[in-house]
Amino acid sequence: MSAVATLPADAAADACRIAPERDWSAYTVAEPDGRRRLELAVENITCAACMGDIERGLRRVDGVGAARVNVASRRVAVVYKPGRIAPDAILDRMAAIGYPAHPFDPAAARGTRSEESKRLLKCLAVAGFGGMNVMLMSVSVWSGNVTDITPETRDFFHWVSALVAIPTVAYAAQPFFRSAIAAVRRRAVNMDVPISIGVTLAMALSLVNTMTHAREAFFDSALMLLFFLLLGRFLDENMRRRTAVEAETLAALRADSAVVMRADGGLIETPVSRIRPGDRVLVRPGERVAVDGVVRDGASEIDASLVTGETTPAAVGRGDTVHAGTLNGFGALVVEVTAVAEGTLIAEIERLIAEAQSMKAGAMRLADRAARTYAPVVHSAAALTFLGWMLVGAHWNEALVIAIAVLIITCPCALALAIPAVQVVAAGRLFRNGILLNAGDAIERLAAADTIVFDKTGTLTEPEPRLLGAADVDPALLARAGRLALGSRHPLARALARAAGAAEPLPGIRERAGEGVAAVVDGIDVRLGALGFCGVEPAAVAAMRAAHPTASLIAYREGRAAPVLFALGQSLKADAVATVARLKREGYRIEILSGDREAAVAEAARALDVADWRAERDPAAKIARLDALKAEGRRVLMVGDGLNDAPSLAAAHVSLSPVTAAHVAQSASDAVFLGDRLAPVAIALDVARAARRLMMENLWIAVVYNAVAVPIAILGYVTPLIAALAMSGSSLIVTVNALRLRRVAPPPTARPASAAIVGETGAVSAPVSA
Amino acid sequence: MNILVYLVPIALSLGLLGLAAFLWSLKTGQFEDLDGAAWRAIQDDDLPGRE
């Protein structure tokens with residue numbers, strides 16, 4: 001028999017009074033010297049002063065060995081001695097100096113992106129070093145060839161070039177070789193195959209030429225090619241890594257943890273990844289439920305708006321099932337975690353997401369599509385050039401030189417940079433408007449959207465309830481009710497306190513589990529909470545329900561005076577009407593697809609002037625609607641936040657979700673936007689369309705460059721100097737063209753705090769050593 | 001032209017030195033937080049009289 005069952009009837013409520021410990025071993029990593037390292041996601045880091053404040057503030061604490069702030073990812077790494085200081089004290093200290101922090105769950109953090117980006121940067125540095133040095137030799141040889149270089153000096157320079165170029169290629173070309181070999185094994189051709197062949201052939205021929213004392217070698221072409229290709233790949237990877245890091249920080253700030261009841265009755269706060277089926281989890285009033293499970297003790301009401309879209313709270317008691325992501329009301333609950341297996345909501349959602357994603361797998365990135373058509377053309381052009389020159393009677397060496405020149409000059413420098421360069425600038429633009437990309441090709445898919453499907457709850461409306469009809473309420477009364485409401489963690493009470501602008505709670509507030517809060521002010525009993533708790537007449541309730549059919553009601557009573565009813569409900573986001581109107585003007589077809597009841601959705605649709613709306617749709621029905629739209633040939637942008645939206649977010653052509661969304665919804669969508677406004681949806685579409693236009697322009701530039709350069713190469717007029725100049729020139733044009741995107745969508749003057757420090761993504765310094 | 005026998009290796013080894021320095025700084029995590037590094041340089045909390 002567990003300890004919980006032996007506790008008195010309202011054990012759940014009693015347990016809430018004990019502050020839970022945190023299971024720190026799950027959050028920290030041991031250092032080799034016995035100290036422990038803790039990573040925290042920090043709120044409010046906006047500038048350099050914050051960095052100094054935090055580091056100085058923490059270093060003065062006894063037992064803290066080192067503290068280092070990472071401004072780019074808004075994290076701080078703290079190394080501490082476990083015997084000397086408790087991690088809780090570090091969190092308290094952070095809160096005291098004004099930077100509330102949350103620990104990372106190492107099981108949820110992924111560090112692989114950073115490794116990949118580092119590997120590419122190393123290759124880029126090596127290629128840069130090799131390229132610069134060999135170019136120095138080559139320039140000397142070229143200028144010497146037209147003046148007075150002796151054959152001995154030329155050979156010496158060629159040998160030194162070979163000495164530098166061979167190890168450089170062996171190291172820096174690995175990403176291409178590996179990918180090309182993998183593609184060939186799959187019997188496919190990707191962009192890396194011509195690159196690998198071109199580089200290998202150029203190196204081999206240059207070596208032969210060096211040994212036979214020829215006038216020309218092409219080490220420099222091979223290395224410059226590698227350098228530019230690596231640069232494009234690094235930019236691409238860097239953009240994705242930044243998003244991944246930012247998403248991790250956001251996830252930690254939302255603190256996915258739960259309070260587990262141990263067998264001895266103690267409470268311990270544990271990351272969700274450590275919770276096992278059969279554990280008992282305490283859900284305090286006003287908290288989000290972190291797990292799927294069955295209620296074993298306590299009674300409350302549950303707001304499932306983030307899970308189903310349904311906004312009316314439902315009563316739950318012993319034996320009822322609750323789902324992760326729902327919001328608990330007035331009462332405390334003890335929830336037994338059910339086995340994560342078929343039948344739980346999350347398993348069903350995940351199955352639908354997996355199905356939706358496998359349906360979508362056919363879609364290909366613009367760069368890959370370009371590469372697929374491009375690679376065979378390059379190969380055959382080079383092969384035909386070789387055969388052609390052999391037929392007209394050229395020496396095999398000469399024919400091979402020209403064929404390699406074709407392979408190199410057609411090669412995808414501009415093509416490799418064309419898309420990543422635009423992506424990086426676009427991602428920077430989006431970052432600074434508070435939009436984070438999850439998928440590299442999201443920009444291209446966003447640009448193709450012509451229909452926008454909105455979820456209602458939490459997407460078009462505020463995620464938290466608001467006081468409705470605030471103008472009809474006596475402000476003095478509201479202010480008093482607000483001060484009382486500060487004593488409760490219930491979401492409705494908190495919304496009321498916010499609406500009243502209350503800052504200081506009334507003294508001596510007592511909370512009655514499941515009912516509300518009460519206090520005695522100047523001998524008068526004031527109470528706030530459930531309708532029965534305040535003794536509200538059914539007639540008054542009926543009148544209020546008629547006025548606000550979709551709202552939740554909360555009552556307030558002072559002494560013997562008649563109780564007052566407050567209606568709290570979903571209100572539209574501040575700029576929802578303007579944004580939807582703007583999108584309609586721009587020619588998008590708008591539709592609302594919600595899990596909420598018909599009356600609530602109809603009201604929102606009327607306010608937004610949207611004719612197409614559907615209510616009470618479960619995840620499968622939402623996907624069915626998206627499929628119907630797809631069958632009409634529409635490309636749908638889905639905007640949603642709930643767990644029930646996650647499968648449709650994955651199924652839609654492209655998807656966006658607000659940062660307040662359920663975790664699963666965020667990872668299923670292509671981009672996440674910060675802040676409580678809807679404008680980012682319009683901005684994302686603007687930037688994406690402009691970016692797509694620039695990508696196409698860049699691809700055309702690459703095509704035109706090839707149309708000019710390839711015939712010259714085929715005719716055998718390309719000297720190494722011309723090849724190098726053409727290559728660098730086309731890369732430069734493409735990059736400069738990408739920068740034109742900076743004119744689109746300037747960041748808002750009042751930036752969302754979290755986006756303000758993300759910084760300039762466009763300016764990635766290329767490491768070059770020579 | 002014999003001077004090249006000395007100058008070329010010197011140029012190469014200087015380049016290698018730069019490359020090694022870059023790889024070392026990459027390995028020790030100095031590129032992890034470019035924004036923070038920019039601000040750290042202009043911080044003056046190592047001056048006497050502060051704190």
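Each Cβ is built from the backbone N, Cα and C atoms, and glycine gets one as well.
Remember, it's a predicted structure, so these values are computed and weren't measured experimentally.
Listed in TrEMBL for this protein:
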type: DOMAIN; residues: A:36-102; note: domain 'HMA'
type: TRANSMEM; residues: A:120-144; note: transmembrane segment
type: TRANSMEM; residues: A:156-177; note: transmembrane segment
type: TRANSMEM; residues: A:189-211; note: transmembrane segment
type: TRANSMEM; residues: A:217-235; note: transmembrane segment
type: TRANSMEM; residues: A:374-394; note: transmembrane segment
type: TRANSMEM; residues: A:400-422; note: transmembrane segment
type: TRANSMEM; residues: A:699-718; note: transmembrane segment
Next on the checklist: Take the C-beta pairs under 8 A between the transmembrane segment (A:156-177) and each of A:120-144, A:189-211, A:217-235, A:374-394. Which stretch has the highest count?
Outcome noted: A:120-144
Item to check | Summary of DSSP states over the domain 'HMA' (A:36-102), given as helix, strand and coil counts | outcome: 22 helix, 22 strand, 23 coil
Next on the checklist: Tell me if the transmembrane segment (A:120-144) touches the transmembrane segment (A:217-235). I count contact as 3 or more CB pairs below 8 A, with pairs 6 or more residues apart.
Outcome noted: yes
Item to check | For the transmembrane segment (A:699-718), distant same-chain residues with Cβ under 8 A (at least six beyond the ends) | outcome: 366, 370, 381, 385, 388-389, 398, 402, 405-406, 409-410, 412, 414-415, 418-419, 726, 730, 733-734, 737
Checklist outcome for this item: Model confidence for the domain 'HMA' (A:36-102), as mean pLDDT, reads 81
